Structure formats: structure tokens, C-alpha cells
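Colleague: Structure provided below as C-alpha cells; questions to follow.
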Amino acid sequence: MEISHVIVLALVQGISEFLPISSSAHLILVPKLLGWPDQGLAFDVAVHVGTLSAILFYFKDTIFKLLRDFFASIAQRKMVGDSLLVWCVGFATIPVGIFGLLFNNVIEEYARSGVVIAVTTIIFGIALYFADLRSTNKSEYEMTIKFALIIGLAQAVALIPGVSRSGITMTAALFLGFSHKGSANFSFLLSIPVIILAGGLESIKLIKDPNALPWSDIALGVIISAVSAYICVKLFMGIISRIRMLPFVIYRLILGAFLLYLFL
């Protein structure tokens, strides 16, 4: 890959990963629109690792407290502090893990098309609009296993490019009455095991074919995506309660309409 391609795609990943607009869709579309060769799924996952490091750093204090409560709950065999939230993240991850193992190859072969991305961008943009109207003031700490499983099932749909993992998990949480910040916080925490699972799956493939991954490109991509993702998350969390989801809904509808025009 050319250095300019790495920089642009890593920035796209970092900016779009935690916004409800589908980072995977943008990583597929940018090369297509600019006439660049597909960077491949391995690069996609590598820059996801960069965004993972950003979210781990942003939530480092929260994660430390949650893990402390979680291990205390195991030792005491009862819920301690906010340990339930860790269990909720775990249960919400199960559906995407199962569906990913079962349908990953099918999705890679048939769903990475401009038309699919256009349709899912529009449909789930509309869903985000109606979910935005249902939000209340529930925080992520009021999450239950039942709600987590519902959000987890929704997250599994995000295996299809254009749906947006962060978008559909926030949509589901908003529909369930969580606040904008609560929905975003749970979505971001939920991204941690999902990105680890995706990275692990691709790492197995890369071990079998180490030449498939240009390591110098990946190192640069990870750094750029990490820095841009951290800045984006910090800004997003600072304004989401004020701007709500309408700007992202409008963006998705415009993008989806443009893609339909482009690919039909």
C-alpha cells in the first residue's frame, strides 16, 4: 500500500469507528470511490486494533474499576459494585461471536458491495432516528442481562457492512430507554471484546499466511487510527447529549442515497 493510502484509511477508521456511521463501510467505500485496490480485511482489523487501544486508554479508569468489581464478585460469588455491567458486556458479546464464526465467510463474499452498504446505511439510519426519540435518562449502570442480550443480538447484524456496530448498539440501547451517554458508553465498552475477537480471528489467518500483511503499513495505520479515534471519542462524548443523533441520521441518508446513485 502507498503511504498516502495508509494515512487516509487509518484516519477514516479512527474517525468513523465509534460514530454511528459504519467504519467498515467507509473502509470498503473509500478505496472503491478513489480507485484504490482493496486494502483487505487484514488491514481493516489492524486499524481496529488502533481504535481498540484508543478506547482502552479513554476508559482506563472505568475499566480498572469494573474489572476489580468483576473479580471481587467471582471471589465472593455475588454481585459487587458494578460487576453486573461486566457480565452484561460478556453476554452481549456472545451473539456476534456465534454469528461471526458461522457467517463471516458468506458476508465477506456477498455483502461487501456498494448496493448492500447503501441499503443498510439508509435502513439503519432511519432506525437510529426513531430510536433517538425514545431515549430517557437511564445510564449504562442500569443495564440488565436481558437488555444486554437484546443489544448483543442487534450487534450481530452489524457484521453486514453499512449497518455500523456502534450505530446499531446505540440504536438498540436508545430504543430500550437508555440515555445518549449511557448508550454510547455501553456501545464503546462492548467494542472491546468484539475488536479483540475480530483481531484474534484474523491473526490466525495471518499466521498461516504472514506475507498477507505489510507490517510497516500496519504499524503506521495503528498509530494514526489510535490517535484519531481517541480525539473523536472525546469530542463525541462531549457533545452527544446536546446534538443527539439527528446529524448522523442525516449523514447516513445522504450517504446512502449517493451510494445508490453511484452503484445502481
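Cβ coordinates are placed from backbone N, Cα and C, and glycine is handled just like the others.
The shown structure was predicted, so the numbers you read here are calculated from the model rather than taken from an experiment.
According to Swiss-Prot, the protein has these features:
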type	residues	note
TRANSMEM	1-21	transmembrane segment
TRANSMEM	39-59	transmembrane segment
TRANSMEM	83-103	transmembrane segment
TRANSMEM	113-133	transmembrane segment
TRANSMEM	143-163	transmembrane segment
TRANSMEM	184-204	transmembrane segment
TRANSMEM	220-240	transmembrane segment
TRANSMEM	243-263	transmembrane segment
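Have a look at these and tell me how they're positioned relative to everything else.
Modeller: Using a Cβ-Cβ cut-off under 8 Å and counting only residues 6 or more beyond its ends in the same chain, the transmembrane segment (39-59) has close neighbours at 1, 5, 9-10, 13-14, 17-18, 23-24, 27, 31, 108, 188-189, 191-192, 195-196, 198-199, 201-202, 205-206, 212-213, 217-218, 221-227, 229-230, 233-234.
Outside the transmembrane segment (113-133) by six or more residues, the chain places 20, 22, 25, 28-29, 32, 160-164, 167-168, 170-172, 174-175, 244-246, 248-249, 251-253, 255-257, 259-260, 262-264 with a CB less than 8 A from a CB of the stretch.
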Colleague: Mind pulling out the one from 83-103, 143-163, 184-204, 220-240 with the most Cβ pairs under 8 angstroms to the transmembrane segment (1-21)?
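Modeller: Comparing 83-103, 143-163, 184-204, 220-240 against the transmembrane segment (1-21), the winner is 220-240.
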Colleague: Same chain, outside the transmembrane segment (220-240) by at least 6, Cβ under 8 Å from its Cβ: which residues?
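Modeller: Tertiary neighbours of the transmembrane segment (220-240) are 3, 6-7, 9-11, 13-15, 17-19, 43, 46-51, 53-55, 57-58, 180-181, 184-185, 188.
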Colleague: In the same chain, which residue numbers or ranges, 6 or more beyond the ends of the transmembrane segment (83-103), come under 8 angstroms Cβ to Cβ?
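Modeller: Tertiary neighbours of the transmembrane segment (83-103) are 66-67, 69-70, 72-73, 140-141, 143-145, 147-149, 151-153, 155-156, 158-159, 186, 189-190, 192-194, 197-198, 201.
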